[in-house]
Amino acid sequence: MFIMIKKSELAKAIIVTGALVFSIPTLAEVTLSETTVSSIKSEATVSSTKKALPATPSDCIADSKITAVALSDTRDNGPFSIRTKRISRQSAKGFGGGTIHYPTNASGCGLLGAIAVVPGYVSYENSIKWWGPRLASWGFVVITINTNSIYDDPDSRAAQLNAALDNMIADDTVGSMIDPKRLGAIGWSMGGGGALKLATERSTVRAIMPLAPYHDKSYGEVKTPTLVIACEDDRIAETKKYANAFYKNAIGPKMKVEVNNGSHFCPSYRFNEILLSKPGIAWMQRYINNDTRFDKFLCANENYSKSPRISAYDYKDCP
């Protein structure tokens with residue numbers, strides 16, 4: 001166990017920097033539309049009475065599509081077309097509503113992996129929403145969510161990630177597309193702490209990505225494959241106390257990428273989407289789908305350790 005700052009201190013630090021949060025378009029949305037959007041039937045939806053079996057990776061995405069340039073393309077130009085379905089706050093069960101992003105032409109993939117993404121303390125869905133279309137365009141069903149309260153702690157965010165995954169599995173549009181045994185979770189700040197906690201509680205979560213994570217527990221027994229995104233100059237959830245400690249104590253497959261000169265908000269800045277998209281997609285493909293073709297985008301031969309944008313890099317199980 002290592003020394004932690006008190007939650008009240010974290011709250012104070014974030015509130016002080018609140019102007020920065022709301023000055024960047026993708027970090028937060030002050031108001032949340034409560035309009036319920038009608039269900040859109042997916043062209044790739046498999047019969048709910050008889051689900052398809054998972055396909056082999058090569059059946060899903062051709063080798064020629066898997067390139068470093070494609071993985072870093074932030075225009076959502078993965079191998080699949082995507083649609084979205086809005087989940088209103090009123091209809092959501094156990095979380096604050098959100099958006100489901102899903103591929104429409106992935107019938108060759110069989111059942112798909114599903115990923116839930118949660119924002120951090122005093123933040124909204126918009127701060128992490130870019131992960132939705134990026135991952136969906138690579139063959140995942142993804143839900144980006146708002147929390148019940150922007151002040152919810154990490155344990156509450158873990159419960160809401162869990163509820164969001166259940167919501168997708170039961171959804172009448174995308175539920176029959178999902179393999180409930182191939183799940184993932186992504187969270188920023190306290191949401192990252194929530195992803196760590198969820199990984200210790202739900203065995204069907206095969207991969208997580210804590211972004212500048214904070215939790216007042218060490219979580220040293222995380223066996224789930226974990227990609228930690230750290231921010232070098234994080235003064236809210238200091239990297240040495242949190243991200244580095246979580247990474248050091250994890251005992252499963254693990255990788256860390258630290259953004260050079262990054263503040264606590266580095267995972268939400270638009271100009272870091274290209275930097276983080278490639279390892280993020282590759283990690284989820286490798287460990288949710290067991291697609292070893294993505295190994296080459298996780299290792300040092302992709303020059304993570306030499307990039308001026310990255311101040312620290314480590315991959316425990318680099319082949």
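A Cβ is built for glycine as well, from the same backbone N, Cα and C atoms used for every other residue.
Not measured: the values here are computed from a predicted model.
What Swiss-Prot lists as active site, nucleophile is S189, and the listing cites similarity to another entry. DSSP assigns S189 (active site, nucleophile) to coil, not to a helix or a strand. S189 (active site, nucleophile) is surrounded by 33 other CB atoms, counting those within 10 A of its CB over all protein chains shown.
Long-range Cβ neighbours of D314 (Ca(2+) binding site) (same chain, at least 6 residues apart, Cβ-Cβ under 8 Å): Y247, M255, K256. The Ca(2+) binding site annotation in Swiss-Prot covers D314, D317.
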For D317 (Ca(2+) binding site): intrachain residues, at least 6 apart, with Cβ closer than 8 Å: P253, K254
Secondary structure of D314 (Ca(2+) binding site) (DSSP, helix/strand/coil): strand
